[in-house]
Amino acid sequence: MILIFEVIVLLSFIILSAFFSASETALFSLNKLQLKKIQKEEENNWRIKSIIKLLDDPQRTLISILIGNMFVNITASSLATYLAIKLIGNIGIGIASGIMIFTILVFGEIVPKSLAVVNAENISKRVAKPIEIISIGLFPLIKVFKALIIVLYYFFGKKSTREKKEITEEDLITLIDAGKDEGVIEEEENEMIRNIFEFGDTMVKEVMIPRVDMACISSDTKLGSILKMINKMGHSRIPVYEDTIDNIVGILYAKDLLGVYQKWYTSREKFDLKEIIREAYFVPENKKIDELLDIFQKDRIQIAIAIDEYGGTAGLITMEDVVEEVVGEIIDEYDREIKLFEMIEDNTVITDAMISIEKINEILNIEIPENGFETLGGFIYDLLGRIPKKDEKIKYQNCQIIVEQVVKNRIRRVKIIKELPQTKNNTPGKNA
C-alpha cells in the first residue's frame with residue numbers, strides 16, 4: 001500500500017514537471033499582438049489579467065517556473081532512486097537514473113513544450129493563475145535570485161535587467177511579409193502597408209513634380225492660349241507666375257475659366273488672368289508628406305508649390321501625388337501611361353533618368369547611395385560633376401551606366417548593366 005502511494009507521488013511530480021515546462025513555453029511564446037487581441041476579446045477575464053501580470057515581470061515569472069521545475073525534477077529523481085534501492089538494492093541507482101532521465105526528458109520537457117508551442121494561448125489561460133500563486137509563495141526566494149542577477153549583470157557590464165520589449169516596425173513588417181507568403185495578404189496589400197510605414201519618413205522633394213517638369217503659365221497669357229494649354233495638357237489646376245517661375249502669384253483652376261470664357265465670348269471684355277487665380281499654398285521641399293496631407297485635408301487644398309531653401313520654386317505637389325505614395329500610381333483619363341523602366345535581361349534595365357535611387361536599387365539589387373539626390377539622373381550628375389554626353393559610358397562598382405538620351409542638358413534615358421558574378425564555366429582561360 002505504501003509502495004502504491006509512493007508511485008502515485010512520483011507520477012504526480014512528473015506531471016508537475018510537465019506543468020512547469022508547458023507553462024514556461026506557453027507564456028513566453030505569446031507576443032504583444034496576441035496579448036492585445038486576447039485582452040480586447042476578454043477584457044474582464046481573470047485568466048487574462050493573470051497572464052498580463054506575469055508577463056509584466058517576466059524575470060519573476062521565469063524564476064518561479066525554474067525553481068518549481070527544478071524542485072519537482074530533483075524530488076522525482078530522488079524518489080525514483082529511493083524506490084529502486086528499496087526494490088532491487090544498490091543496482092537500482094543506475095537503472096532509476098536512466099529511467100528518470102528518459103521520463104523527464106520526454107514527458108517532462110519535449111511533449112509538454114511541443115504542445116505548448118502550438119497551443120500557447122489556451123495553455124497560458126489555464127496555467128497563469130497557478131503560476132501567479134506560486135510566484136507569490138516564492139517571493140522571498142525570488143528576491144534573493146533577483147539580487148544575485150543584478151550583481152551578475154553589473155559584473156558583466158549590463159546596465160538594466162528589465163528591458164521591456166516593444167513591438168517595432170520591423171516586427172510588423174516581418175509579420176506582414178509572413179502573411180503575404182502564407183497567402184493571407186495579397187502582393188498589392190503588402191506593398192500598400194509597406195508604403196504606409198515609409199509614408200511618415202517621405203519628404204515633399206521625393207514626391208513632387210520637379211521645377212523643370214512643371215506646367216505653368218505667365219500672368220499675361222491670353223485666354224485662347226490658356227484654353228489650348230488646358231485642352232492639351234488636361235490639367236485642372238495650373239500655377240501662374242509673373243516674370244519668372246520663381247515668382248508664383250497664384251493657381252488657376254480650369255473650372256473658374258468657364259464663367260469668364262462665357263463673359264469674354266459675349267462681351268469681348270479685356271481678359272485679366274490675375275482676377276480669377278486663387279492664392280497659392282507654399283510648402284518647404286523638406287516637409288514630411290504626412291504633415292502636408294493633414295494640411296491638404298484640413299484646408300481642402302489640392303495643390304501646393306514646393307520651395308527650396310532660397311525661396312525659389314523647387315517643384316509642385318498635389319493631393320494625388322501624396323495619395324499615390326500609399327496606393328500606387330493613379331492613372332486618370334488625362335494621364336499618359338509612361339513606362340518608367342523596362343527590363344531587357346535579368347541584369348539589364350533601360351530606365352527614365354527620373355527613376356528614384358531607391359527603386360533602381362530594388363530592381364537590380366544594387367547599392368547606389370542617396371546622398372543629396374533622389375533620382376538616377378541626379379546621381380549621374382553628381383558622379384561626373386558635369387553634363388554627360390549621349391552614349392557616354394560610366395563605370396560604377398559592378399554596374400555599367402550608359403546615358404542613352406540627353407535633351408537640352410537633361411538626362412532622359414539611361415541603360416544600366418549589372419555585371420554578373422563570374423563562375424568557373426564563364427571565367428576566361430589562359431591562351432596556350
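Note that Cβ sites are derived from N, Cα and C of the backbone, with glycine treated the same way.
Keep in mind that what you see is a predicted model, and the values were worked out from it rather than measured.
Per TrEMBL, domain 'CNNM transmembrane' is recorded for 1-189.
According to TrEMBL, the feature transmembrane segment maps to 6-30 (among others).
Only residues 6 or more beyond the boundaries of the transmembrane segment (62-85), in the same chain, are considered here, and those with a CB under 8 A from a CB of the stretch are 3, 6-7, 9-10, 13-14, 16-17, 20-21, 23-24, 27-28, 92-93, 95-97, 99-100, 104, 108, 131, 134-135, 138, 141-142, 145-146. Summarising the annotation, TrEMBL assigns transmembrane segment to 62-85 (among others).
For the transmembrane segment (91-112), the residues of the chain that approach it from at least six positions outside its boundaries are 14, 17-19, 21-22, 25, 73, 76-77, 80-81, 83-85, judged by C-beta separation under 8 angstroms. Marked as transmembrane segment by TrEMBL: 91-112 (among others).
According to TrEMBL, the transmembrane segment annotation covers 133-156 (among others).
As annotated by TrEMBL, domain 'CBS' applies to 208-273 (among others).
Per TrEMBL, the feature domain 'CBS' maps to 276-333 (among others).
Residue counts for the domain 'CBS' (208-273) by DSSP state, with H, G and I taken as helix and E and B as strand, are 27 helix, 20 strand, 19 coil.
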